[in-house]
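The feature signal peptide is assigned by Swiss-Prot to 1-23, with similarity to another entry given as support. Residues or ranges marked as Zn(2+) binding site in Swiss-Prot: HIS38, GLU192. The disulfide bond feature in Swiss-Prot is assigned to CYS71-CYS183, CYS200-CYS208.
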Amino acid sequence: MARALVLLSVVLVSLLVNQGTASENQRLFNNAVIRVQHLHQLAAKMINDFEDNLLPEERRQLSKIFPLSFCNSDSIEAPTGKDETQKSSMLKLLRISFRLIESWEFPSQTLSGAVSNSLTVGNPNQITEKLADLKVGISVLIKGCLDGQPNMDDNDSLPLPFEDFYLTMGESSLRESFRLLACFKKDMHKVETYLRVANCRRSLDSNCTL
């Protein structure tokens, strides 16, 4: 009888620990989604404010740039459409999100110059800090998915895209700024999508359609 009570106690403790871990992971996922959603909204606001300050002819010329031919993150392997995204594992989506966020740590420092004339966008200098916080959160989620297993992802050992990509393209300052903002918005939209689907992957019964 005593042995049965001990076993029951062990099972109950294990269930409570697992429940607590699942609850903490859900909290981390929710925070990550909220953070990247804020960054995506901020990116959209930044580029809208930038475009509002352009002359009609400047706006017409820059409209030819998008859809973008090249972004700093284009060398990072990622799902190319909704179907591929939905078929990707939670771990894969987290790893790609981590790489995308990491690729913006240096370029984000130049965003303040791109929107220096905007008074409604907030403080762009805080973006680098927000990206760093999000990167840490995603890293914790990746470790949780690995559950003590070694990280065997080959992409983690690859060098990041060129840090000064947006500063060495030989374009005018106007085009550089527009490309920087457009690529930032594009990548934050990607990460938001990947994190939402990854979060949905945690529930096998969920419909993770985009």
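Keep in mind that glycine also has a Cβ here, set from the backbone N, Cα and C atoms.
Ranked by CA distance from CYS208 (disulfide bond), the recorded positions HIS38, CYS71, CYS183, GLU192 have GLU192 at the top as the closest.
If you count neighbouring Cβ atoms within 10 Å for each of the disulfide-bonded residues CYS71, CYS183, CYS200, CYS208, the highest count belongs to CYS183. Here the candidates are the recorded positions HIS38, CYS183, GLU192. The one whose C-alpha lies nearest to that of CYS200 (disulfide bond) is GLU192.
Within 10 Å of the C-beta of HIS38 (Zn(2+) binding site) we count 14 further C-beta atoms, all protein chains included. Cβ contacts within 10 Å of GLU192 (Zn(2+) binding site), excluding its own Cβ and spanning all protein chains shown: 20.
Straight-line distance linking the Cα atoms of CYS71 (disulfide bond) and HIS38 (Zn(2+) binding site), rounded to a whole number, equals 21 Å.
DSSP assigns HIS38 (Zn(2+) binding site) to a helix in the three-state reduction. Note: the Cα of GLU192 (Zn(2+) binding site) and the Cα of CYS183 (disulfide bond) are spaced 14 Å from each other. Geometry remark: HIS38 (Zn(2+) binding site) versus CYS183 (disulfide bond), CA distance 16 Å.
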